[in-house]
Amino acid sequence: MLVTMKELLDQARVDNYAVAAPNIDNEHNLRAAIDGAEEMNSPLILGVPYHVNPDICYLGRIATDLIRRSAVPIALNLDHGKNFENCVMAIRAGFTSIMVDRSELPFAENVSQVKELVKIAHAVGVSVEAELGHVGGADNYEVDGYSGLTVPAEAVRFVAETGVDCLAVAIGTAHGVYKGEPDIRFDLLKELREQVPVPLVLHGGSGTGEENLSRLAREGINKVNLSNELKRNMVVELNKQDLSQYGIYGVYNYLGQGFKEKLIENIQLFGSQNKAENWRK
Ligand SMILES: [Zn+2]
């Protein structure tokens, strides 16, 4: 069933778990993601990053169709909407949530651009995620990892002034591939969880480490974005197969299997297994 991100995350905040938010690129990993969530009886958020998939009208159409036929509650989110036009386009394409990423702008400018899109999105029942502080790149972790940490008092003001439904925070993770495991600021997460009245989102979930991820989900993160490690596992799974003779016809199945297996592992870490029950009452 197609739902808003707000209702998924508000419930996750009440019950203390995180919803997996895999990035999807095409019909194959879209189907794999939905299958994985159904097998786990878990809610799910599908993320489509605009810079990777600019044809969001096409993806929006097939994703909303498949989601409507699924047995579990799923939101469709534009990941990292970088400008006004692609956020509005996502709403038109049927997305039930948009991320308005203005985290590289100064605070006041971030507030005013997010606020404008919150007004538009909320008018048609679409949820909004924004980012405060800045989650940088893992390839430059020594510098980026800690340079843009979220300040709790600013986060409280930001949520009050913009009206966002959830907030991506910078607590020591980064996008991409880490050299080792990142050093997560759980103390900062605790402060944010206590002070910020909306669900918190973690970007850069791939490679964060199993123990870190399950602790993050228990201690205040309600959505974890996943991309890199799901895609890497597609390749791992494909490489295990003997593709000589007719094996090649299974290529998309193997890729989907790798994506689904890694997603299921994450759903188990995040504690959202069987939480789809809340939508069947
Ligand atoms: Zn991100």
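Just so you know, glycine gets a Cβ as well, placed from its N, Cα and C.
TrEMBL entries are annotated by machine, without manual review.
On a predicted model such as this, the values are computed, not experimentally measured, just so you know.
Database features, via TrEMBL:
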| type | residues | note |
| --- | --- | --- |
| ACT_SITE | ASP79 | active site, proton donor |
| BINDING | HIS80, HIS175, HIS203 | Zn(2+) 1 binding site |
| BINDING | ASP101, GLU131 | Zn(2+) 2 binding site |
GLU131 (Zn(2+) 2 binding site): nearby recorded positions from ASP79, HIS80, HIS175, Cα cut-off 10 Å: HIS80
Binding-site residues compared (HIS80, HIS175, HIS203) - highest count of Cβ atoms within 10 Å: HIS203
Neighbourhood of ASP101 (Zn(2+) 2 binding site) by C-beta distance under 8 A, where only residues 6 or more apart in the same chain count: HIS80, GLY81, LYS82, ALA130, GLU131, ALA168
Secondary structure at HIS175 (Zn(2+) 1 binding site), reduced by DSSP to three states: strand
Spatial separation of the residue listed as 'active site, proton donor' from HIS203 (Zn(2+) 1 binding site) - C-alpha basis, Å: 10
Same-chain residues at least 6 apart in sequence whose Cβ lies under 8 Å from ASP79 (active site, proton donor): ALA21, ASN23, GLY47, VAL48, PRO49, TYR50, MET99, ASN225
Neighbours of HIS80, HIS175, HIS203 excl. site residues, C-beta within 8 Å of centre, Zn(2+) 1: PRO49, ASP79, ASP101, GLU131, VAL135, ALA168, GLY204, ASN225
GLU131 (Zn(2+) 2 binding site) CB neighbourhood, other CB atoms within 10 A: 25
